[in-house]
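Quick notes on the structure that follows.
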Amino acid sequence: SSHGTRLARVLSTVDLVSLGVGSCVGTGMYVVSGLVAKEMAGPGVIVSFIIAAVASILSGVCYAEFGVRVPKTTGSAYTYSYVTVGECVAFFIGWNLILEYLIGTAAGASALSSMADSLANHSISNFMISHIGTLRGLGKGEQSYPDLLALLIALLVTVIVALGVKNSVGFNNVLNVINLMVWVFMMIAGLFFVNGENWDDGRFLPFGWSGVMQGAATCFYAFIGFDIIATTGEEAKSPNTSIPYAITASLITCLTAYVSVSVILTLMVPYNEIDADAPLMEMFAVHGCMFAKYIVAVGSIAGLTVSLLGSLFPLPRVIYAMAGDGLLFKFLANVSSYTETPAVACVVSGFLAALLSLLVSLRDLIEMMSIGTLLAYTLVSLCVLLLRYQPEGDIHGFVNFLSEEQNNKRKEGVLAECEKDACSPTSEADEIRLGLPGKMDRPTPATGKTVTVCVLLLFISIFAFCSFIIFGASSIGEGRWWALLLLIFFIIFLALLVIIILQQPENPKRLPYMAPCVPFVPASAMLVNIYLMLKLSAITWIRFSIWCFLGVLIYFGYGMWHS
């Protein structure tokens with residue numbers, strides 16, 4: 001099932017950071033900040049962004065370890081899970097990632113078209129509505145017009161991506177510089193129009209903490225870009241060092257950009273008057289500062305184009321990896337000899353994204369996107385947790401099965417064991433710690449199994465715990481005895497599971513990058529992600545389950561038999 005590294009290795013660490021930041025900062029800064037501030041959290045959007053950033057840093061750390069564990073990653077989370085937990089889970093992670101990137105591309109395209117509309121003082125949308133009419137879109141019942149401009153934009157970007165890797169990256173760096181300059185300009189110009197009264201007496205959290213959390217679930221969308229870094233691992237010059245650095249650097253950059261922009265936005269305009277389609281452009285227009293509006297327009301066109309590229313860049317590669325393993329239709333795995341990119345997959349994915357952007361309104365796209373990603377990241381953290389405690393032979397087998405035939409597996413597992421025993425110093429073996437495994441303990445199949453059971457239990461009980469906290473909030477607030485008992489029971493149960501996992505010996509193998517504080521970091525990543533997922537609206541869950549159902553059909557109808 002291995003298809004060798006056929007894609008060119010051309011990207012440096014700076015290129016990776018630029019890709020990550022670009023694919024985050026575009027839609028996140030120009031769309032999400034205004035949307036969440038207006039509809040969910042008010043000025044509390046700042047807190048939402050910070051919470052979402054913590055969630056994505058936790059997931060990002062796990063993601064980075066995953067990226068180093070499996071060096072041949074064309075399809076990011078998909079490949080990792082294929083190697084480690086098996087085909088079925090892998091198919092689902094891949095399927096969610098496809099959804100995420102599709103929607104990312106569509107959202108970028110429709111955001112760009114509403115920018116253009118705002119620049120033309122809404123003449124485009126008025127023309128479309130009067131000449132073509134409206135769709136009862138897949139929206140929340142509001143009338144939306146078929147967005148032909150978005151369709152064109154998506155198709156154009158598809159062509160750029162299909163033409164090859166390196167030229168996209170150079171283009172990306174230029175756009176990022178423009179975006180950065182506009183951000184600095186907004187910070188300075190915005191300070192002249194700031195009005196502190198917009199945050200006074202209860203206006204900071206108009207929707208309370210529940211709104212902030214719901215906002216955080218939607219803001220998560222704004223940090224999605226960092227997994228492009230792990231996805232393009234195969235095209236990096238030295239993946240082991242540059243992947244973790246790039247992930248951390250781009251997350252911190254993004255957070256700074258978002259928080260500063262939201263502060264300025266909510267101080268300049270009262271939250272209920274924010275324009276939902278093009279918030280940052282309209283915020284200067286409100287104060288009659290038109291030249292600033294046009295400068296911001298330039299930045300937003302640059303930023304949104306980058307995030308469009310950021311979603312369309314990994315999409316064909318995930319499809320290519322899945323098709324190569326036979327889980328999706330084989331013809332999608334063709335690599336064109338001229339551009340060295342998976343051309344068929346590019347065209348198919350670009351076309352689908354263009355269709356989505358034509359029909360679905362921006363807000364719904366963003367919510368849909370967050371749910372798929374949150375699920376994929378939860379599964380990634382789960383895998384990191386599992387792998388850390390599995391015996392060496394197993395993991396070795398997992399990793400080699402990508403490249404070698406089955407029979408070398410055992411030999412190498414055994415060899416690795418011998419080398420480990422020979423290298424490791426035995427002086428520390430006498431240490432006794434509080435029920436924790438000694439330095440020399442090796443995981444055995446039995447301890448590996450214990451951890452597997454615990455992790456699955458952990459996943460299920462976190463799900464139950466979060467639903468209880470969210471849907472039973474009123475009972476807990478009133479201090480009903482049964483609610484408090486349940487709460488205490490859940491907390492003790494979760495703590496117990498983590499303690500049991502702690503007592504099992506870890507795998508001694510050192511990786512170039514390892515997630516710190518296992519099992520706490522992956523467990524808390526799972527907790528936060530699941531909590532945020534359950535805060536999203538019901539209609540989002542319904543759409544998501546339809547998408548998953550389609551996935552099940554393809555997997556059981558085609559993928560199982562052809563892999």
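Glycine is treated like the rest: Cβ placed from N, Cα and C.
Note that the structure is a prediction, hence the values are computed from the model and not measured.
Database features, via TrEMBL:
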- 44-66: transmembrane segment (TRANSMEM)
- 148-165: transmembrane segment (TRANSMEM)
- 177-195: transmembrane segment (TRANSMEM)
- 207-230: transmembrane segment (TRANSMEM)
- 242-271: transmembrane segment (TRANSMEM)
- 291-311: transmembrane segment (TRANSMEM)
- 318-336: transmembrane segment (TRANSMEM)
- 342-362: transmembrane segment (TRANSMEM)
- 450-474: transmembrane segment (TRANSMEM)
- 481-501: transmembrane segment (TRANSMEM)
- 513-534: transmembrane segment (TRANSMEM)
- 513-563: domain 'Cationic amino acid transporter C-terminal' (DOMAIN)
- 541-561: transmembrane segment (TRANSMEM)
Exercise for the section: Using a Cβ cut-off of under 8 Å, list the residues of the same chain at least 6 residues beyond the transmembrane segment (242-271) that approach it. Expected result: 12-13, 16-17, 20-21, 24-25, 28-29, 32-34, 37-38, 42-43, 45-46, 49-50, 53, 56-57, 60-61, 63-64, 67-68, 183, 186-187, 190-191, 193-196, 198-199, 203, 206, 219, 222-223, 225-226, 229-230, 233, 236, 279-280, 282-283, 286-287, 513
Handout entry: Recorded stretch that, among 44-66, 148-165, 177-195, 318-336, 481-501, has the most CB pairs under 8 Å to the transmembrane segment (291-311)
Key = 177-195
Exercise for the section: Mark yes when the transmembrane segment (481-501) and the transmembrane segment (342-362) have three or more Cβ pairs under 8 Å (sequence separation 6 or more) and no when they do not. Expected result: no
Handout entry: Averaged pLDDT score, the domain 'Cationic amino acid transporter C-terminal' (513-563)
Key = 87
